[in-house]
Ligand code: KIV
Ligand code: ZN
């Protein structure tokens, strides 16, 4: 009989904390429903006290999702816990995740407190949360750098107070795998009453060891893992869900199972990447575009003779569809709708589908084959339509030995504007022209261009950060023309100025 490992997904909380990855409530519901289909056990839906948007998302996800437990994060503070309980009102299965820093540096610098007082606050928070829900998870923030003997005392106290799950975060991603594994083992062996709770891992990837640490935690007794899709999360991210799920699937001898339907992994990964405008690195394990691409002659030869020579995972097991329909300019609405559906985006509204289809035809005109990544990008880009500023047209003259000149046509809430400028390269010229129409004091802070797929006819994705009025705004644009994509990204930032 194998052991069951519970998957706690925090894409919508720890993952969503990443600058530029913020989703609106509708998008979060879309992700949560797909996580349900993927088979996660717990969805951490947000930190309700942090903003009305987060509160509302927890409420709406609670309504939309049936099987997974919905979890809300709090500090060890009564008003946070009240707020989380209120946000979880509609959840069929609910959990409050409360906690406090336990490392000496957190105790001293963050709380100006001492070890005994921290235990009292931890116990009080758990008891307070228990008034609202049966299922209370406690996190010992910076447990990775907390002395094991003291950590065991904290864990024992919160389990006695009623915590059902105890989370041992390596908040800073500092631990070595054997060190983290030994920590979990120590708790399993030294905490009285540990059989009444489940230990959870929560590893950050600052030193690239999040998955290794999580696995060591599991091998030493943890039976819940906190993970995100594509490993997104604070700084270098969290442990990625797909890596843990596939490690356990590939290494059956470990005798540990999850409820994950692995064939949903790739669509889930693409949906998160597309909605969050967060590209997946091409060589990312399991979900990177090169994860199953054999490029060297020796490897190709081996795989053709027998796939097992170089492939440990059948691509179909993670939902990579060999027979994916390639969309071209001749594909109809139904084919587009189907590709979106396969990738986890259901477009029921015919008007919305029409808009995406129109953009699809424009793209298919410029590109021979439209890939899954392209259609997801088009579906995401559709949300930009309702914004105030829109790019009507753009013309750029550039080349070697000539000055770049751009003319631009903008539609601002129904009114048409035009301007022209020269500049130091085509993007600079286009942005200078844009700034002649929108004369706000704004500065470009960061600018990255990335190709979605391969080939010179590919769509370029542009991420930008623009500073305005003391805040930094994140924008995204995509087009086969990178100057247009850059202007779209700049406009995306401008359109966010208002919502702050
Ligand atoms: O990394 C961390 O310590 C966290 C906690 C809030 C669980 O995300
Ligand atoms: Zn974290």
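Every residue, even glycine, has its Cβ placed from backbone N, Cα and C.
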Out of 56, 238, 255, which one does TrEMBL list together with 14, 202, 204 for Mn(2+)? 238
Tell me whether residue 204 (Mn(2+) binding site) sits in a helix, a strand or coil according to DSSP. strand
Looking only at the region 'Regulatory domain' (390-500), how are its residues distributed among DSSP helix, strand and coil? 28 helix, 54 strand, 29 coil
I'd like the Cβ neighbour count for residue 204 (Mn(2+) binding site), meaning other Cβ atoms within 10 Å of its Cβ, all protein chains included. 25
Distance-selected binding-site residues near ligand 1 (C-beta under 6 Å), from 14, 202, 238: 14, 202
Using a Cβ-Cβ cut-off under 8 angstroms and a sequence gap of six or more, which residues of the chain neighbour residue 238 (Mn(2+) binding site)? 10, 14, 15, 202, 203, 204, 205, 210, 226, 227, 228, 231, 232
Could you name the residues, excluding 14, 202, 204, 238, of the same chain that surround the Mn(2+) site, i.e. Cβ within 8 Å of the Cβ centre of those residues, in sequence order? 10, 169, 171, 203, 205, 210, 226, 227, 228, 233, 234, 237, 239
